[in-house]
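*Asks:* Here's the feature list from Swiss-Prot:
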BINDING   G347, K348, S349, G350, C351, G352, K353, S354  ATP binding site
DOMAIN    1-281  domain 'ABC transmembrane type-1'
DOMAIN    314-547  domain 'ABC transporter'
TRANSMEM  2-22  transmembrane segment
TRANSMEM  32-52  transmembrane segment
TRANSMEM  108-128  transmembrane segment
TRANSMEM  138-160  transmembrane segment
TRANSMEM  168-188  transmembrane segment
TRANSMEM  223-243  transmembrane segment
TRANSMEM  249-269  transmembrane segment
Amino acid sequence: MLWNWVALVGGIISAVVFSYILQAAYFHELSLLSAVILGIVLIAALALRAFAGKKSVQASYFASTKVKHELRSLIYRKLASMPLNQVNQQSTSSIIQVASEGVEQLEIYFGRYLPQLFYSLLAPLTLFAFLIFFSFKTAIILLICVPLIPMSIIAVNKIAKKLLAKYWSIYVGLGSSFLDNLQGLITLKIYQDDAYKAKAMDKEAEHFRKITMKVLTMQLNSVSLMDLLAYGGAAIGILTALLQFQNAQLSVLGVILFILLSSEFFIPLRLLGSFFHVAMNGKAASDKIFTLLDTPVETQQSAVDFEAKNNVQVEIKDLHFSYSEEKPAITGLNLSILPNQLSVFVGKSGCGKSTLVSLLMGFNKAQQGEILFNGQNALNIDRTSFYQKVSLVSHSSYVFKGTLRENMTMAKIDATDEQIYACLEQVNLAQFVRDNGGLDMQLLSRGANLSGGQIQRLALARALLHNAELYIFDEATSNIDVESEEIILQFIQQFKQQKTIVMISHRLANAVNADCINVLDQGKLIEQGTHKELMEKQGAYAEMFQQQKDLEQIREVANA
């Protein structure tokens, strides 16, 4: 704002000098020396205006950049402070939209609209205070016309606020639908439902187009009204000055100044009106941003550190959990997971295996019952200390874009190359890494340049480097090659003597050597024991095991 005002002062000085030169020339009073001096002053005033204008742009840029950085940092810190189950409740597309375009809109609000708002109030008062010495009548007419633009802005604001709130709501909804359909495109293709979803998206896109056109129409009408008021007000001021000059009530210098400076009364407010539309869009975005920032974080009551130095024992007591009231996912579950053993959970799809993992990891919170880790209630354990002692290797392990070293050191930031290679050796990846550039090997997002088995082995190596006390494998061997599956299973068998291991598996052959097999059905524990004990019992486990064995034999014959 200050630099804008300095630029205005430079403009006033240049207008005065230029007007004086014209007046002196009109009355034949301009000497060569005075012309040179006045020319130098004019150039200096114009240079001051240009310099101040440049500094104003720079100040606006630095202010808006700082606001943008601070807002995105606040959003990141807010999401980082939330427990994972609360983060999962947030819409991914909504977060992306408010953190990207929403913040960009607010950047304009803070970087341009607010400085222009204060300058728009200061500029007419400065010009009035200067021009009043030449003609009070013309100066007061110009000043009276100035409030007409803010009045039009206030009138438009009432319409714009509701319209832009609706616009952003539809925009975020369209983004959510697009992301959901894109992520589920393969499933839609399989079930031949993609055409239906395409039509639904066409309707949403058309709805968004209509609301966008309404916003543009409102903005164009508002701009036209402000142009009429701005240039109409300037024309009235100039006409009044000319009439006073005709009646010998205003000097040549004065009339030229009014001609040159009348528009300066209105240009700042006219620019404010232009920024206003973007600012209102940013205001609508800010409602979404501050709704996220004001979301209460689910905090733990008297959180304590997780005490797990060597052995971890897990006790589950009367556990109940459901995603909806109609269908419970876990019902009255009671069991113990003993330290330094391999405990495997099996069952049909939808029996509650992965739900149990989400409860063990704290991604979801049980409605009833408790989970105890070494006697400590999971609800009272500090999440940071908990995740230092527990590692999860899921069927969808994520590989980040960057070097292999960067991916590995996420588990241990100060890990040496020797420690990383030691972990890679245990999953039979060390030689592959050496042959492909070593630890500086570039990995694509989601490990696009690795096979599914290599991704899982890399995830296991990363978990090993983390050196947790409790390892949870959630379908870690599903949909990978036989070699990688055997490497992972052999490692788990060797590793179970040192750590507590929980494994979720749909393939029962992987559970044969487990110390304890837990069979789930509709969220309940229906059988428990070793492979031998459960086969002798001839219950649900034995039936599923035999069915899978028969299917695998049929597949082998078909592939032979």
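These residue numbers are counts, starting from 1, taken along the chain as shown.
Cβ coordinates are placed from backbone N, Cα and C, and glycine is handled just like the others.
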*Asks:* What other residues of the same chain, not counting G347, K348, S349, G350, C351, G352, K353, S354, have a CB atom within 8 A of the CB centroid of the ATP site?
*Replies:* T355, L520, D521
*Asks:* For the transmembrane segment (138-160), name the stretch out of 2-22, 32-52, 168-188, 223-243, 249-269 with the most CB-CB pairs under 8 Å.
*Replies:* 223-243
*Asks:* Should anything in the same chain at least six residues away from the transmembrane segment (168-188) have a Cβ under 8 Å from its Cβ atoms, list it; otherwise answer none.
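*Replies:* Result: 91-94, 96-98, 194, 197, 200-201, 204-205, 207-208, 211, 281, 284-285, 287-288.
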*Asks:* Other Cβ atoms within 10 Å is the metric here; tell me which of the binding-site residues S349, S354 scores highest.
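*Replies:* That would be S354, with the highest Cβ count within 10 Å.
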*Asks:* Of the listed stretches 2-22, 108-128, 223-243, which one has the most C-beta pairs under 8 A with the transmembrane segment (249-269)?
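*Replies:* When the Cβ pairs under 8 Å are tallied, 223-243 comes out ahead.
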*Asks:* Please compare the binding-site residues K348, K353 by how many other CB atoms fall within 10 Å of each one's CB, and tell me which has the fewest.
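*Replies:* Each of the binding-site residues K348, K353 was scored by Cβ atoms within 10 Å; lowest is K348.
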*Asks:* Going along the chain, which residues at least six beyond the ends of the transmembrane segment (223-243) come within the CB cut-off of under 8 Å?
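*Replies:* Same-chain contacts beyond the ends: 135, 137-138, 141-142, 145-146, 148-149, 152-153, 156, 250, 254-255, 258-259, 262-263, 265-267, 269-270, 273-274, 277.
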*Asks:* Counting other Cβ atoms within 10 Å, pick out the least crowded of the binding-site residues G347, G350, G352.
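*Replies:* Output over binding-site residues G347, G350, G352: least Cβ neighbours within 10 Å is G350.
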*Asks:* Counting only residues 6+ away from its ends, which parts of the chain sit with a Cβ under 8 Å from the transmembrane segment (2-22)?
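*Replies:* Residues packing against the transmembrane segment (2-22) from afar: 30, 35, 38, 41-42, 45-50, 52-53, 55-56, 59, 115-116, 119, 122-123, 126-127, 130, 252-253, 256-257, 260-261, 264, 268.
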